[in-house]
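Per Swiss-Prot, these features apply:
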- ARG486, LYS492, LYS494, ARG532: heparin binding site (BINDING)
- 656-671: compositional bias 'Polar residues' (COMPBIAS)
- 837-855: compositional bias 'Polar residues' (COMPBIAS)
- 865-881: compositional bias 'Low complexity' (COMPBIAS)
- CYS60-CYS122: disulfide bond (DISULFID)
- CYS167-CYS212: disulfide bond (DISULFID)
- CYS266-CYS314: disulfide bond (DISULFID)
- CYS358-CYS407: disulfide bond (DISULFID)
- 242-330: domain 'Ig-like C2-type 3' (DOMAIN)
- 336-425: domain 'Ig-like C2-type 4' (DOMAIN)
- 450-558: domain 'Fibronectin type-III 1' (DOMAIN)
- 27-693: topological domain 'Extracellular' (TOPO_DOM)
Amino acid sequence: MSSSSSSLLLMMLLLLLLLLTSKLEAIPVLSSTSPSPGVRILRSSESIVAPLDDEVVFECETSLPPERFEWSYSNTSSSSSAISSSFIYLSSVAGKVNISHEYAISRLAIVVRPESLGEYRCVGWFGPLVVTSTIARLDLASISLATKKESHLNWRTAPGNSIIWPCGQQVQANPLASWSFYKNGKEIQPLNHNGTLILNNISSESNGVYSCMATNTASGVRLPIPSSMELHVTKQEGSKSPYLLFGQPTRQSVTTREGQRLLLVCPGVGSPPPIPVWSSPNVTAAVPNKRSKLLSYGLEINPVQVEDAGIYICYLDNGIRPPLELYINVRVEQAPVIVQAPWAGSLTNESDRLQLECQAKGEPKPTIYWLLNGKRSHEVNQSQLLSNGRYLVLKKVLKEHAGYVQCFARNHLGEHSAGTLLQVNPKLVNETDLVVSRPQRPKKLQIMVPPSAPNVTRLSDESVMLRWHVQRNEGLPIQFFKVQYRLINEGKRKMWQTTNENIPYGKPKWNSALGKNFTASVTNLKPQRTYRFRIMAVYSNNDNKESNTSAKFFLQRGSSLEPMPVPELVKIDEYSETAVVLHWRLSDDADEQSITGYYAYYRPSSFAGEYSKATIEGAKARSFHIGSLEVGTIYEFKLQSFSADSASEFSALKQGRTQRSKLTTTEQPIQQKGGDRNVNTTPNHNETYSLNPLLTGTIGGGALLLLLLIAFSFCLCRRKNRNGGDGRNSQNKPRLAELREDFLPLAGGGVPGSKQRQRSRHIHITLNPLDQQQQQPLDEKNTNTNLNSPHLEADPELVYFQRQQQNHPTTYDYDHGQRRLSSSSLRRSQRTLERTPGSNNNLQQIGSETTTTGQRVILKRPRLSSRSENLSSGSLNSVGV
C-alpha cells in the first residue's frame, strides 16, 4: 500500500465525517388543529309561552355526558331581573313532570298550570363538578285590552297624503299579537307595523270605515278592538301647511329589541302633501346610514342596534310655513352578554386569595350573580361580592371550592353565562408523629405521601395526557410511578389496568417550594368511552400507595370537536451548555382564555425514541427554560397547548442546540505602548476558541486512523525487505537433521546412582566450538556438583544429551552479527521443530546407543519457550529460563 493511496483514503473518510456532522436546519412539519370541547352547557332551554293545560318540553345539552342530570324550579311571577334563591330540584316520582335523558341531552316535559309557571334550569353533574344552564321561563299565553274605552275617529284629508292609524295601542299580549285589518267589514292586507295601519298615497278609493283585530299566536285567541276610523278623501281648495289629524300624537315613545326591524312613522298631512326630513340631536350618523331607509311616511332602521337609541326629529314641510316638528324617543333593549368571562388559571393553592372578574353589557343594565358548583355565592364559605357582583372574591380558597365557577348576567330579556374551572392544590396534611413506646426517645416514622389525583387532558382519539403533583414532604422517597385506568360502563365493573411504563421520580430535590409536577401519556384507549385514572407511587421500602381517582373522563372523537389554538415555535436560544430557552407565540385570533397551559416535547435529533415532556402552566406564558440537556447537542422541539379537557395538535417541529463546551486559552494582559496602556488583550468570552465535541472527536479519530495507516505501510515495507534478505542468508542456516544430531539422550534418562534435581532453573546449551572450549571446565565443575547433590531427583521431563563430536563432527559458521534474533524468529523455529514427525523418536534412538559418559552433560527441556533459546546461524545459545 503506497503513501499516496493512504492519504487519499484518509481525505475521503474525513470528508464523509464532516458531511455527516454538519449542522442540520429546522425541518418544518405541517400541523392541523385539534378540538377543545370543554365541560359546559352547549344548549340551554329557551323560554316558552304556552296556553293553559298545554304540555311543553324544556331541553338542554352538555358538551360531555354527565354522571347525572337534574332540573331545578323556582315559582316566580314575573321575568324581572330579580334573582330567585328558592330553586328546588324536581323529580319524576311525583308525576307532575317527566324527565328523560339521552346521551348528553336531558328533556323535561311539564303540563302548563298556574302552579307550574316560573323559571327552570338544567344541572349537569360531573363528579364533584356541577354545571348549570341559564334560566328558561314558562309563561301563560295571554291577550287583553289595557282600556275598554271605545274610540271612533272621523278623518278628512286631501289625496296624496299618508294616513297612519295606531289601532293596537291599547292591546297587551304575550307573546306579541298578530293583526288583521278590515275595511267596511272586509279583511284587507295593508301595510302595518305592530298594530299600526299605514295607508300610503291615499285617493278617493281609500274612503271607508277601518277596524282591526288582534290574535294571540300561542293560544289562537282573537280579540276584536273596540275602535274604528272613518276616512274621507276630498280635494281641498288652496294650500295648507302640515298638520296632525285628530288623535295623532306630537310625541312618541318607541321600545324595541336589538336586531329587530324598527319603523318610525311621521304622521301629518297637508296640501300639498308634506315631505318628511329626519335628524337626531344625540344619535351620531343616524340618518342616513347603511341600515336606514327613508320612506314617504317614516324612517326604517333594520337591524336596529343599541347605539341607535335616542331622540329623532321628523320635519314635515310642504313649502308652506310653519313646518311641523314631531319628536320620537327610541329605546333599544339588549339581552345581557358577558364581555369578560372569569378565569381562575391552571391551579390555585389552598388558602390563597382568589378574585374573579365578570363584565357584562345589556339594556337594561344586567344584574350579575355567581354560582359555584350550583350553589349561590352567599352559600359558599369565604366568598364575597364586590362592585355589584362584578367581582367574586374567595378570601381563603378551600378544597370544597374546587369545581366549576359560573358568572350569570340577567335582565328581563334573559340570561347569559360564562364559567371557569377552579382547580385547588391542597395543602400537605402533616400527620401526627408516631412515637415508640419509650416516651423519652420519641421516634418519627416516615409516611408514604401519595400523589395528587391526576388531571386528564385529551390528546387524540386514543390517548390522553395525565398531570399530577407531589407535595413537598418529609415522607418516604418515591422511586417511580405507575399509571392505572379503568373503563366505566353501565354493566359489570371493570378491573384497574396498569401501564407497563415506569415513570421515574427523577432527582430527589424539589422543583419549587410546593413540590414537583409530573406528566405521562396513556395510549391505546377507545374513543366514545368513559374512563377513570389514578397514579400509584412506589416508595423506597418497595411498598406502594395510590392517589385519589380522577373525575370521570369521556374520551370524545376529535371529528366532532372545535379546534384549539396551536402555538407557533418562534426560536430556540442557546441558554447554556445544558439548557435552552423556547420562545413561541399565538395567532392574533387565538382564544387565549381557552388555554390552560402548554406541553413541550423534546429529544436529541439523532435519537428516534420517545420524546421527553415538560408541562408549562399558564396561558400567558411565551417562553420556557429546559435544562438537564447534553452538551453541544442538537435537539428537536415541538409544542401543543392544552386545556382541562383537550389538547391542540403539535406545532411545527423546530431544532435547536445547547452551547458547545468551551476550550479557553487565557493569555496575560499586554499593555500597549503609546496611547492606551490599559488595553487588555486577553480574549473575551466571544473570542474564546471553542470546538464542537463531535468535531473534536472526528479530527482525533482521523489523526489516529492516519497513524494506523502509516504504521501499517511501514510494517509492509519492513516485511518486504526482510523477505529479500532471508533468501541471501539461507545458506548459513543449519539443517534440522544436523541440529538433531548434536543432541544425544543419556541411556536410562538419568545418572545412575545419583539423585537429580526436580528442575534446573538454568540450562546452558552451546554448539559453538569456541564457547565449548571456554565453557568446558566450568560445565564439568557444575555437572559434578549437580550429580553429587543430594537434592536431585528423577524427573521424566528432563532429558540429558551428550554431544558426540568425535563420531559426528559437524561444522557451523559463526557470525557475531547474528547471535540473537527476534523472539518471533525463535517461535517460528520452535514450531518447525514441533511439527517435524518422529523427531523425538530419532533422538531417543540415538541416545540409546550412546554411553552414559561423555565430555559434556547438558540439561535440556523437551519444549523450549521463546525466552529460553536464541537461534542464530551456526550457534544455539542458552539463556536463563
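Every residue gets a Cβ built from N, Cα and C, even glycine.
Taking ARG486, LYS494, ARG532 as the binding-site residues under consideration, the smallest Cα distance to CYS358 (disulfide bond) is found for ARG532. Under the DSSP three-state reduction, CYS314 (disulfide bond) is assigned to strand. Following the DSSP three-state reduction, the secondary structure of CYS212 (disulfide bond) is strand. Counting only residues at least six positions away in the same chain, the Cβ atoms of LYS494, MET495, TRP496, GLN497, TYR531, ARG532, PHE533 sit under 8 Å from the Cβ of ARG486 (heparin binding site).
Put simply, of the disulfide-bonded residues CYS60, CYS122, CYS167, CYS212, CYS266, the one whose Cα is nearest the Cα of CYS407 (disulfide bond) is CYS122. Closest to CYS314 (disulfide bond) in space, going by CA atoms and restricting to the disulfide-bonded residues CYS122, CYS167, CYS212, is CYS167. Taking CYS60, CYS122, CYS167, CYS212 as the disulfide-bonded residues under consideration, the smallest Cα distance to CYS266 (disulfide bond) is found for CYS167. Of the recorded residues, CYS167 (disulfide bond) and CYS60 (disulfide bond) place their C-alpha atoms 40 Å from one another. Residue counts for the domain 'Fibronectin type-III 1' (450-558) by DSSP state, with H, G and I taken as helix and E and B as strand, are 1 helix, 56 strand, 52 coil. Around the Cβ of CYS407 (disulfide bond), the number of neighbouring Cβ atoms within 10 Å comes to 26.
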